[in-house]
Amino acid sequence: MATVDGTTAPSSGGKTATVALESGGGRYGGPAPAKCSGANLALRALLFAVSLSALVVLVTAKQTVMVPFVIRPPQFILAPVPAKYTHSPALIYLLAALCATCFYSLITAISSVRLLSSSACSAKTLFYLILLDVFYAAVMASATGTAGAVAWVGLKGNSHTRWNKICNVYGKFCRHIGSSTFLALIAAIVLVLLAFLNAYSLYRRSR
């Protein structure tokens with residue numbers, strides 16, 4: 001009986017250990033599922049805040065100054081001349097890009113909150129997010145480039161084309177345009193980071 005008990009105990013213990021190792025290997029040995037991390041949600045919340053701030057700053061880019069017009073030397077009159085973001089197609093394009101990005105960031109942030117409560121993000125969801133993030137990053141980069149070119153001409157002018165600088169007169173207007181362009185650049189960088197983060201999550205899932 002002692003011999004039977006001695007041989008039975010190791011057998012059952014080895015069996016239990018084998019089951020435990022098999023369950024542990026299935027849990028820890030396989031590739032970890034691609035979970036929607038909190039970093040994804042944080043970046044999308046940051047994207048929404050930055051794009052919304054850039055949008056508000058751009059919409060409020062308005063200034064009216066009194067500019068002297070010579071009638072007959074030495075007579076002149078002062079007339080109000082406004083400067084608005086709607087006067088430039090490049091700034092209108094920036095406005096449209098910011099509106100689209102702000103809406104996109106809000107929708108994806110809400111979706112990220114829902115995905116955080118689930119067990120894992122599907123590979124299909126990650127793939128679509130990568131495509132959308134890259135697309136909006138390209139849109140924001142192009143809009144930032146066009147707005148930056150207009151802002152630079154307004155700041156420095158261009159003597160070859162005889163475009164005079166206006167920021168020495170419309171200081172407030174130029175500050176708004178410059179700030180909005182800088183925030184739009186940050187939004188484009190955040191979108192690139194999101195694309196890399198989702199691509200890494202998809203890579204981990206495929207391993």
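Glycine too: its Cβ is placed from the backbone N, Cα and C atoms.
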- Item | Recorded membrane side (Swiss-Prot) equal for N40 and T161 | no
- Task: Select the range from 41-61, 90-110, 177-197 that forms the most Cβ-Cβ pairs under 8 Å with the transmembrane segment (125-145).
- Result: 177-197
- What parts of the chain pack near the transmembrane segment (90-110), using Cβ distances under 8 Å and only residues at least 6 beyond its ends? 41, 44-45, 47-48, 51-52, 54-55, 58-59, 61, 129, 132, 136, 139-140, 142-144, 146-147, 149-150, 177, 180-181, 184, 187, 191
- Query: When you scan the chain for residues with a C-beta under 8 Å from the topological domain 'Extracellular' (62-89), skipping those not six or more beyond its ends, what do you find?
  - Reply: 95, 150, 166, 169-173, 176-177
